Amino acid sequence: MAARLLLRSAFRAATTCRAAPVPAVTRGMAAGVFADSKEGEMAARLLLRSAFRAATTCRAAPVPAVTRGMAAGGIPTDEEQATGLEKVIMNAMKEGKDPYNMMKPKEYAGSKADPHLVPSITNKRIVGCVCEEDNTAVVWFWLHEGEAQRCPSCGSHYKLVAHELPH
């Protein structure tokens, strides 16, 4: 009975390779316990061989780690980890585009040669102009597609530009 248990444990040790097992049973101890039977001697030899084989194969050929596109340090960067809409936004930012107007808008002079650009997905849009810096009233007017238009109050120029939705 004990020899069969020893054979079972030897078989398990031979077939599974975990983190570098160390032989728990030495030849002298196993042979001494089962010295009276041939099964015991065979089990002791098998256990010793399989434990030694498992220990040497685990140490000699470690299982290669599965690597995905990670940085050299092993921690993925934001670009490597991003998926879906976040990745689309990151790629657009690399190209210099700002699909969701997250960056500070560029300042324009407001002249006819350099008008304020107003993005729109339609052919017209309502624009509010705070004509003077400390003014509390907003002057609202319609801005139509085409040439730059002037604010009716201060004369600052605005131009409607087509804006494509990012999604």
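Including glycine, each Cβ sits where the backbone N, Cα and C put it.
Residues within less than 8 Å, Cβ to Cβ, of LYS106 (N6-acetyllysine) and separated from it by at least 6 positions along the same chain comprise LEU117. Taken from TrEMBL, the feature N6-acetyllysine applies to LYS106 (among others).
According to TrEMBL, the N6-acetyllysine annotation covers LYS124 (among others). The Cβ neighbour count for LYS124 (N6-acetyllysine), using a 10 Å radius over every protein chain in view, is 12.
Within the same chain, residues at least six positions away from CYS154 (Zn(2+) binding site) with a Cβ under 8 Å of its Cβ are CYS129, CYS131, GLU132, VAL139. Among the features that TrEMBL reports, Zn(2+) binding site is placed at CYS129, CYS131, CYS151, CYS154.
According to its DSSP assignment, LYS159 (N6-acetyllysine) is in a strand. Here TrEMBL flags LYS159 (among others) as N6-acetyllysine.
Of the chain residues outside the Zn(2+) site list CYS129, CYS131, CYS151, CYS154, VAL130, VAL139, PRO152, SER153, GLY155, SER156 have their Cβ within 8 Å of the site's Cβ mean position.
Annotated pair LYS124 (N6-acetyllysine) and CYS151 (Zn(2+) binding site), C-alpha to C-alpha distance, rounded: 15 Å.
Of all the Cβ atoms in the protein chains shown, 17 others lie within 10 Å of the Cβ of LYS159 (N6-acetyllysine).
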